[in-house]
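The block underneath contains the structure these notes are about, expressed in structure tokens.
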Amino acid sequence: LAQSLFALFASSLAISLVFAIIPLCHNVVVLAVVMAVAGLAMGCIDTISNMQLVKIYQKDSAIFLQALHFFVGFGALLSPLIADPFLSDTNCILSNATGNASSNLPHIRKSLVPHHPGNLSHYDLPMKGMVVTRVSYAFWIMALINLPVPIAVFFLLYKERMVPCLSSSSHPLLSADELAMEARPVEKDELSTAVQRPRAAGGHDDLLSCCQSKNFRGASYTYFAVHITGALVLFMTDGIVGEYSGFIYSYAVEEPLSVVHKVAGYLPSLFWGFITLGRLISIPVSYRMKPATMVFINVVGVLVTFLLLLIFSRSVVFLFVGTASLGLFLSSTFPSMLAYTEDILQYKGCATTVLVTGAGVGEMVLQLLVGSIIHDQGSYSFLVCGMIFGGLAFTFYTFLLFFHRMYPKPSSEMDAASPDKPAVTDDTGQYQR
């Protein structure tokens, strides 16, 4: 926990520093390095926050994962609104060609969607002249908005007495097992199991223990198969999120739909809005529904939505309906898959890194792939690619269900199934079956 909190503190502080530095970068190489640091920091936050929620709340983690990813979507929806007042309505570079180029700016602004800019190569803007822009204020505001996060993490480190040079006189917060028991009432036998768990999971106390080869010795092939198939499902679904939000604007303004630029600009916002709404709805739903069931509904919903988008490919109204539907079905896929996979693998947190990496690689690779296909084959291939990716996600999920059925049951469940087994004590004197 101490290593995770220090990593979260350093990563969240790095993000504030990066956003403060970006407006000061006057060289593209320096900007690339700064953005790479931001990417590393965000990757650490993504992995550690998911992993710690899984390890702390275990079987109750699905609810907290849904809440975590609701705020991810909420941030993606909110950040363009913060930046929008500082985007110029006239060209940022004053020159003789400014008047002719200013008419392109509304189209360029509508091409800027959360995370992924559209194709701007066909717009001509002056590159030399006096720069007049207020966009730097947007970066500095985001840096200030993020600053309370590292402060809060440092306060948590202080309360948990994990800062070497500072000592807190107050009592530390609840332990991980006490947090899990606060979230869900437990029986007496579960209480003893919770007390034993930190000692039994000694091989997974270290933040990097999942990378140690000793943890893989004697593991069955289904152990690796569950990791791989789970990551492949998220490779496809998060890849769909990236490619859809990145290219839906370009698809809408091209033939045969030919949606006007201003109306097409609402599609990415609608998509992210329904992703955020779906994650909010999933918080109470995950309390009643198993993660495996939620993932099944998600992948089937994505497949059916793309099929209907292909059938009604000439309907602008259904494009908006399908975009909203796709956002809802994709919204809870990641947290539900994470909860389901960790449930199979006994909540050791090792699968989280594999799944987060698979999702990130999918969002990067599929976006590049779809962009090149659209460039060569036309805009209709955008929906065809989505249909193929949805079908692959469903196929990999079917394989995951198969490997889950073959995965060996944990010894604790086998022990509980044999009531005649005598109770034994460990070296701490606690009784367990």
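Using N, Cα and C of the backbone, Cβ positions are placed for all residues, glycine too.
Tertiary neighbourhood of the transmembrane segment (30-49): same-chain residues 4, 7-8, 10-12, 14-15, 18-19, 21-22, 68, 352-353, 356-357, 360, selected by CB-CB distance under 8 Å and a gap of 6+ residues from either end. Taken from TrEMBL, the feature transmembrane segment covers 30-49 (among others).
Beyond the ends of the transmembrane segment (61-82), by six or more residues, the same chain brings 49-50, 53-54, 112-115, 138, 141-142, 145, 269, 272-273, 275-276, 279-280, 282-283, 285-287, 291, 331-332, 334-336, 338-339, 342, 347 to within a C-beta distance below 8 angstroms of the stretch. What TrEMBL lists as transmembrane segment is 61-82 (among others).
Here TrEMBL flags 137-158 (among others) as transmembrane segment. Packing against the transmembrane segment (137-158) from elsewhere in the chain are residues 2, 5-6, 8-9, 12-13, 15-17, 19-20, 22-23, 79, 82-83, 85-87, 166, 168, 173: each is 6 or more residues past its ends and has a CB under 8 Å from a CB in it.
The annotation transmembrane segment is assigned in TrEMBL to 223-251 (among others).
Outside the transmembrane segment (263-281) by six or more residues, the chain places 66, 69-70, 72-74, 76-77, 80, 109-111, 113-114, 241, 244-245, 248-249, 252-253, 319-320, 323-332, 335 with a CB less than 8 A from a CB of the stretch. According to TrEMBL, the feature transmembrane segment maps to 263-281 (among others).
Taken from TrEMBL, the feature transmembrane segment covers 293-312 (among others).
Summarising the annotation, TrEMBL assigns transmembrane segment to 318-340 (among others).
Under the heading transmembrane segment, TrEMBL lists 352-374 (among others).
Residues or ranges marked as transmembrane segment by TrEMBL: 380-403 (among others).
Feature annotation from TrEMBL assigns region 'Disordered' to 411-433.
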What stretch, picked from 223-251, 318-340, 352-374, 380-403, has the most CB pairs under 8 A with the transmembrane segment (293-312)? 318-340
How about long-range neighbours of the transmembrane segment (352-374): same chain, 6 or more residues beyond its ends, C-beta under 8 Å? 43, 46-47, 50-51, 54, 116, 210, 227-228, 230-232, 234-243, 246-247, 250-251, 334, 337-338, 341-342, 381-382, 385, 389
